[in-house]
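Features reported for this protein in TrEMBL:
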DISULFID  CYS27-CYS60  disulfide bond
DISULFID  CYS37-CYS50  disulfide bond
Amino acid sequence: MSLTPFLRLPLTDLTGCLINHQTYDKCGKFEMKMMECFEAYGLERGKRECADLISDFQECVGMQKQLMRFHAMRNERYKQWLMGERKGQEFFAESPRVDAY
């Protein structure tokens, strides 16, 4: 993960703050904690010291573990359907009511 631009120009300094996750509720706090850690330790040492915050932020943005869990559950349901343990109408769980939270 690179945090600095390949070619540093005044234009990259002006537009670098436009692309961030602060406007989204989901990953804004993770990004802020990661950037505060980088500010405290610097870029090179921060890559080692803030590795857990970086991985949390990357997981929030990319959702790799969530997608792997989804695929594992879907494959298990499909396997159960092929083995005859699930019927066609029971392939997926019943959806919640519309007004349920």
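Including glycine, each Cβ sits where the backbone N, Cα and C put it.
Just so you know, TrEMBL annotations are computer predictions that nobody has curated.
Counting only residues at least six positions away in the same chain, the Cβ atoms of HIS21, PHE57, CYS60, VAL61 sit under 8 Å from the Cβ of CYS27 (disulfide bond). Highest Cβ count within 10 Å among the disulfide-bonded residues CYS37, CYS50, CYS60: CYS50.
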